[in-house]
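Features as listed in TrEMBL:
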- Tyr138: active site, O-(5'-phospho-DNA)-tyrosine intermediate (ACT_SITE)
- 2-44: domain 'Meiosis-specific protein Spo11' (DOMAIN)
- 109-170: domain 'Spo11/DNA topoisomerase VI subunit A N-terminal' (DOMAIN)
- 219-390: domain 'Topoisomerase 6 subunit A/Spo11 TOPRIM' (DOMAIN)
Amino acid sequence: MAFAPMGPEASFFAVLDQHRASLLAALRRGGGEPSGGGTPQASSSEVLASIESVIQDIITSVARNEAPAFTIGNRSSWENIKFEDSVGLQMVTHCTTRKIKSDSLKSVKKFALILKILSKIYKLVQSNTYATKRDIYYTDSQLFGNQTVVDNIINDISCMLKVPRMSLHILSTSKGLIAGNLRYIEEDGTRVHCTCGATAVAVPSNIQGIRNLITDAKFLLIVEKDATFQRLLDDNFCNRMSPCIMVTGKGVPDLNTRLLVKKLWDTFHIPVFALVDADPHGIEIMCIYKYGSVAMSFEAHNLTVPAIRWLGLLPSDIKRLNIPRDTLIPLTKRDQMKLDSVLKRPYVTCQPFWRKEMEIMADSKMKAEIQALTFLSSDYLSRVYLPNKLKFGGWI
């Protein structure tokens, strides 16, 4: 045993163990997953060859007296998306594209910026060094204007070259946190021992580089908000439910938090649950972890975990627990638009129980934050709600 469990008796986890057995059986029926999961990282030579091919096309265009352009898949269109329950939202092979032209006033600056960042990536890969997106931005902050410009261009380059972003040797600063029964070694040899204490560990910035992961965890709990995550740590939830792992992306998850959740699933195949607010925004965040997003659909195989289950807060729990109406929040127009949007998405078709919960929310025209449970008692979430859900299989 890698850890000394301090949590409930083994019988507490009986339903969880059955759930894990069903997940493993489903994996076997589907032919299993490749070791490490996801799409293999592109080798340095493959990335360099891809960049050289793009530059060769530019040189050829110039030689023909034609204005060079980059052709990039349209990452914002649902027309380019196909859905598979076992993977999530994926970009179709023959997707619609857009051209970033060098002879258009509208796109010439972006063309130049792509070329500049391609040059940086080539040098990083060639020298086997890494840089953060922030490093790239500060090489010429005036030229780039803001960090979002750099972030979007890096994703466009990854999509254009058809290689995972990690293969470009560009890292992003992590905002996520992890706690619980987990140990691993980072790429530089640093040994990390996550604990069940009050202090969490920052999600590593190079997920691909972590190795020797060890855990006895019975489940992984994804917590939408940092405030809820910290409250669970303060309430000693990790020790009470040990062995387990908790992760938060502090709202909409960054790439590293999604990569970590995917790596933990691929490595251990333990049940993964989501704890989000009973509102359209929380549901969408859970869907990003489970099925991915349109913008990153070209890298779905490395990011999605379709095995995730919705643990709470369910809209049906609000009525079941008699949470007073005055602790609820009316849906705004923006909330209703978001809810309508999620209900129309392809993955809702294969999730009838999710649809039912969203329809309960739509009918009530009310939403609830997880903090609404404190009306019942200050530690109701950690002492009653989550333990009962985990013990009796209260997930969908």
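Note that Cβ sites are derived from N, Cα and C of the backbone, with glycine treated the same way.
Caution: TrEMBL annotation is automatic and unverified by curators.
Computed from a predicted structure; not experimentally measured.
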Average pLDDT across the domain 'Spo11/DNA topoisomerase VI subunit A N-terminal' (109-170), rounded to a whole number: 93
The domain 'Spo11/DNA topoisomerase VI subunit A N-terminal' (109-170): DSSP-derived helix, strand, coil residue counts: 49 helix, 3 strand, 10 coil
